[in-house]
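Have a look at the structure below, then the notes.
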């Protein structure tokens, strides 16, 4: 077009000719220059230029919006403006540009030839360096790159220097007044360049360089080269190894070998010593004595009464004191059963009335996060000042099996569209979205019709939102939820090719440039949602690779609601809206015309499903308790003859025992309800089971002892009950007191759920013991009176003529264990094998403890078949981002000072080690600070939000509400601040004006899930602390109640520790994670272990058999049979029933874990402990009376104990 020569000192165009008639819809007036080949104009001195003052002002305005995005990096903004200044004003203009298109324009009646297109030649070195300085500049409020808004359809991922300049020269971008064809010429290339044209090769600044005007280098967030050298974090610790082998395994193997070797040496030395003593005994007496029935040598010297130590005397005195006290108490209660039952009922009722005030905690935050924990306090601070995190209601939709298609786009080339990205499915999704948006219902709390706008998150109009102000993110939002926009089509010509463009071209453009107000097609549609914010592609589609959004496999529909404190009336309104949302979605899922396969959730879904499964599994727990009741009722019967079945049965006694357990739980819950300590669902599930295990054991011990005992001549029935109670109650006290103190100490836990469980369990166990010593003794007295009168149990008026046998009934289990089990278990070879096997189990479990998984998959909280399980599956498969993370501060930064601002911002000039800069190194998307947005708002390079330029307020300060900057709007979206931008900025400015010191907290991350994750930082130490506190009283109480018997207490403690450690080892093998629920069960395991162990320990200590082995045998037969029948066989049937529960949490942490606890407790209590006591049990002063008294009959034990005390 231009035939003039290209030579230095000449201009190609000069002065403004008017508006470009070919440009429509531009954001700025498209003023174009006049064609004017002439010499450059002189300005001042020797300075010349090819532009007028008018042109400079137009250029400044044209660059204003682009520079506002790039000003975070001054060198980038300088390079950007540099080239356009050269093209417009360079005195050597003709050497770098070539006018290609002009047209006549009439201005004020004068026809002028105006330039509407030209070629600009520049070197690739300048272009590439300019592009490099700008390509990493961020827009923190959106998390994207500024270059993405300046590269058209290519976005940031596919943007290059050529494409960047092509977009700048495209007059359809809304900013360029004319078309500029940028030609990037490599160094040394002359082909295709007009004569006289020299590609511009000026110096482009690097992003880590200061500008000639003294502007700071770009920040680390926008320029990698500006980042300070930060030492690399230390590498993660190498796995502990010894010689290339797992170090823990090596240590455990060594420890195992040492223990087994030490034990075998002990056995061998003991055997040789006894063999030598046996020879001496044979020489002295001429015959073998001291061999028990199992072939074990009895070579221990029988001590004289004067050799009994003070400890032995204390032990016997303690037992006599407890025995005589309980004997007198039992006789008194058995003599007045009805009065005792009435008093027990009154006391229980008084406690239980507190249930009217019970508060059931279902909020997971209140259950699993300590109120004074760091994450909880930070969450409370965030919720108080910024409102709770908004509520999410979401659908993830797929169309499996639906074929995709290829689309040959005029602008974007050939694109692969998946089956889900189809117009008919998008329209169907829009139809469903509108149906949900139009939900209306009557709200009793608001006393009017309520809808989405009453509770929705509306970031741009929070005070009085309409439905279109509500934040709804979906693919149809790229079309402003308009069917007309989706159906829009237009023919478009690009590079001489004319094709039809439609919704697909708009979709491709918007997912790559979601911040655009107008696409680059002739459709000229906005990409912004109808509520005024962008829809980022990861919130609209899912299941794509890298940035291949057109191949996405899922559509995502998200409704965001405001969250409120639970005592706010709008909280109930939000819950009701979410329920209507679920109803519509579930109905739609069942409709035959539904083309989607989808998963869904509401914010209330997790809590709803947990509560639902709890309610559905209540029958399972009831069946479990019923099975236990039936077992107790049947197992307690004596059944001496068929004709006396109804007389000897213990149905009512078993029912009474169950009622005692139930009353103790109700009393505990009522008491804590009185004093305001809330309960939880886990308490309702675990505490009754625990108390039933403890109570059933005591019931069996008491009843079986009564059945095996013979009434002495002249002894009354009440006296017999008192005497039996005196024999067994100390053992019952030992276990109940150990468990109760254990749980009371467990209440020192900082975890609310564990603390409340421990308190409820401690009082329930204590109340169970008290009621057993009162109500149950009274019930047994009434039942004994009935049985002595030969009256049937369920028909008391019916008597049976068959008399009761005079010989005590030992049942089946006691003779079997005495005759078969105990002799086999305590055989010399068996004893060695048992110790070796259990040592191996213990060491193996110690090793496995190091590899137990810590955590709790949220899927486990859901019942089988829950729609939430399908949602989690879809979430992991298709959703590409996680939960937003906030960093909240409360002190340490003075925002009235430059230093305080610099310490948090990430813009140019900010401290390279500022809070935001540090955070950025860990984030995939740039961290956004309100300080950065505030600084951008104050940016002198922008004419917006500064001073009123016209009107009555001209010259006065203009608030941000008059011109809402894009970055400020997205601070609202990201931070969920329920106030308008103007309010936020006004508060900040007022604080600065009043010189208030706004100090923010040592920064702390805030995220919806952090309050739950925090427990895993301390749960191991928390668990060790709680279990140690529970173990301590088992040792102390055992020692005290056995009269300072330290050895028995130590062996008792060792066995309980082994049960607990073995339980954790089996957890590792069975895939049971360690978490707060598991910790509660491990604390329960200590309590149940006491039942298996402590009764046996005391029975051994009180035995008067001559040798360790014989005493272990007697304890195994007598007490072991009661423990087996009362604890193991009571728990196992009830536990097996739990396997049929729907809740995975119950199946894993109640069925599996309680089954493990019961089996390990039974194995250690009935196998390991007797053998351990036979080797290392305490030698008691019983041997002192062996010379004077023959082995006593069961009925002679009390008188013999009286003889011990006389010593």
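Don't overthink the numbers, they just go from 1 along the chain as shown.
Cβ coordinates are placed from backbone N, Cα and C, and glycine is handled just like the others.
Among the ranges 196-221, 222-247, 248-273, 274-299, the stretch that TrEMBL annotates as transmembrane segment is 248-273.
Listed ranges 992-1016, 1117-1141; the one TrEMBL annotates as transmembrane segment is 1117-1141. In this chain, the transmembrane segment (681-704) touches the transmembrane segment (757-782); three or more CB pairs sit within less than 8 A of each other, excluding pairs fewer than 6 residues apart.
The transmembrane segment (1117-1141) shares the most Cβ pairs under 8 Å with 681-704, out of the stretches 618-639, 681-704, 871-889. The highest tally of CB pairs under 8 A with the transmembrane segment (1153-1176), across 248-273, 618-639, 828-851, 871-889, is held by 828-851. Counting residues 6+ beyond its ends, the transmembrane segment (1024-1044) has Cβ neighbours under 8 Å at 311-312, 314-319, 322, 730, 733-734, 737-738, 741-743, 745-746, 748-749, 754, 758, 1050, 1052-1053, 1056-1057, 1060, 1079, 1082-1083, 1086-1087, 1090, 1094, 1097-1098, 1101 in the same chain.
The largest share of C-beta pairs under 8 angstroms with the transmembrane segment (828-851) comes from 248-273, of the ranges 248-273, 618-639, 681-704. Within its own chain, the transmembrane segment (618-639) has Cβ neighbours under 8 Å at 645, 648-651, 653-655, 657-658, 685, 688-689, 692, 696, 699-700, 703-704, 707, 809, 811, 1125, 1129-1131, 1133-1135, 1137-1138, 1140-1142, 1146, counting only residues six or more beyond its boundaries.
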